[in-house]
Every structure is written in structure tokens, then in C-alpha cells.
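Asks: This structure is in C-alpha cells; I'll ask about it shortly.
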Amino acid sequence: MFPLRRNRRLRTNEAIRSLVRETIISPNDFLVPLFVVEGKGIKEEIASMPNYFRFSLDLLEKEVKELWKLGLKSVLLFVKVPDNLKDNKGTEALNPNGLMQRAIKTVKNACPDMLVMTDVALDPYSSYGHDGIIENGIIVNDATVDLLAEMSVSHAKAGANFVAPSDMMDGRIVTIREALEQGGFTDTGIMSYSAKYASSFYGPFRDALDSAPVDMINIPKDKKTYQMDYANRFEAIRETEMDIDEGADIVMVKPGLCYLDIVRDIKNVVNVPVAVYQVSGEYAMLKAAAEKGWIDHDAVMLEQVTAIKRAGADLIASYFAKEIVKLIS
Ligand code: PBG
């Protein structure tokens, strides 16, 4: 007997395919990372991230208005800190009039309903390019955590809706949560980079912020004592469950494409929203291959984010957000 079921019936034409499609991409899926610099009238392209820019505050204002019009309602802010303001303890991170604090206000003034998430980490402020304070060649955990909590309160004071600690120190979520509560910021959320791997896909981002670990004696060359070993799977679940217990509202897996097994593992066991960060190296690879004419940029871009969502992402931080939304609207 020839099979009664022919699976190709559901693929006959676009109408039936769209009717039974399981994963649909929309502007609601995205969190837009934005890089901010000091100055005026600056929109500078990042060399290793074609068509992606650092904005000074005046042009940041223009950019977020454009994003809002496109239906993109959430941004994730990162700042490029001038070298002369960097030190081991990230002193500048707590400046109430620092670049991050002003950037938050700028976005909120331009687009009051835009959801503002902020990067909470030491590396852009660290003279050594690390996410922690260094003592005797060691990244010290607890002193760093206290600083991250203060930083979070400072961002909340400036108007951030969510803080997003991207450092991978132990115990930072509970410490940040307590500090926010004590400061009266009960509505400020935490998106935890809970399963963040020590990945080589972050290179272009470190170019964008000039935040790569420095090459100096007694300074760790990489972030492997705090970010996760990419060979590990169960550890990701452990990290994520701990962050939820500590008070994380949203958890994250980072990077994206190479880690979709982890995304699915986590999605299957947690009941909070799962974010995925499609990181700078993923962006750069597609741009480079497309530039060579070796790959269809738009088709691959859409396939990649759909795969991330299919794997279990409830939201995606992506440098492609604007291009995707333009493509699908
Ligand atoms: C650091 C931080 C990094 C990214 C986000 N926050 C780099 C790192 O851990 O070294 C990477 C994002 C990207 O590559 O797009 N706190």
C-alpha cells in the first residue's frame, strides 16, 4: 500500500506552508544592542561589524526613534568608556553623570515607552578589560559583586527598566536583587546572562568597546575563570536554575547559534523567559560571507534567527534586529 500520508501536501504552496508554520519572527522578538560613545554628531561604523555603529547621545536619540517606528521596543545599552576614565575598580561606572547614566536618560526622553536594559559589567570600565576587579592576578568575586550591585542601582536611578549583568560572577543576582529592593527599585528587572560561555565569538564586540583583556604580566589572558567552558552542558542548567532562585526575571544563553542545544535544554526545564544573544562574531561571519557573495545575506539572516527562536528563545538580542524587521515588514 502506497503511504496514505504524504508529508509534501503541507508544503505544496506558500499559503499552506504559512498556515502550518510553527515559528514566526516579529519585531516583538528582539532586543536591540546599542553602542554609545562620548561626543556629538558621531555615528561611526565598527570595523569588524559592517553596518553597525557607535552613536553619540544626540544621534542615539535619532536612532531609538527610528527603532520605535519600526516596532522595536527594547534596547540593550553598552558604553565605550574613554581610556582615561578606566581603572581596576570601574570607578567611573558609578558616576551618576557617566555615559551610561546619560544614555539611559537620553533614550527615555526620546522614547518614554522604550524598554531600556543596561549592560552591568566591569569590562568597559576596567583598565585590564576584565569583568572583575583584579587582585594578585586573580579576578576577585565578592568585591566585584558588590560593585555590580551598586552599578545596578545607579542604572535604576537613571531610569533603566532592566539591568543585565553579563559578568558571570557567583552570587551577583541575589546581591543585585537585594540592592534594588533596598533602593526602592522593586519594578526594575534583572535579565541574567546565566549561561554565558567563554567564547571566541565576542571579538568584534571587544573591538566595538575597546574592552579586550590586556596583554600584561599577572593579568589573565582570557575569561575562562568566570565564563563557562564551552564543552559543558549540565553546568548551564545549574547556572540558570541558580540565577532563577536568586531572583532573575529573564535568563540568557550566549552565544546563540553554536549553543542551541543548551537553549533547548534550558527551555525544557525553566519557567521564566529565555533570552538568546546572537553575538558579534556571529554577525561578523554572516556579513563577511555575504560581502564575498558566498551566501545570501537576507535568507541566511532570517534562517538563523528563526532557528534560534525554534530552539526555544523567547527573545533574541541581535545586531540584525533592524535589518530583519525591515525585511519582514
Ligand atoms: C562583557 C560582554 C561581552 C559581550 C557582552 N557583554 C564580551 C565578553 O564577555 O568579553 C559580548 C557580546 C557580543 O559579542 O556581541 N561583559
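Using the three backbone atoms N, Cα and C, a Cβ is placed for every residue, glycine included.
According to TrEMBL, the record shows the following:
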ACT_SITE  K196  active site, schiff-base intermediate with substrate
BINDING   E239  Mg(2+) binding site
ACT_SITE  K254  active site, schiff-base intermediate with substrate
Asks: Could you state the CA-to-CA distance between K196 (active site, schiff-base intermediate with substrate) and K254 (active site, schiff-base intermediate with substrate) to the nearest Å?
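Replies: One finds 5 Å between the Cα atoms of these residues.
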Asks: Whole-number answer please: how many Å between the C-alpha atoms of the residue listed as 'Mg(2+) binding site' and K254 (active site, schiff-base intermediate with substrate)?
Replies: 13
Asks: According to DSSP, collapsed to three classes, what secondary structure does the residue listed as 'Mg(2+) binding site' have?
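Replies: Its secondary structure by DSSP: helix.
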Asks: According to DSSP, which kind of secondary structure is K254 (active site, schiff-base intermediate with substrate) found in, if we only use helix, strand and coil?
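Replies: Once the DSSP labels are grouped into three classes, K254 (active site, schiff-base intermediate with substrate) ends up as strand.
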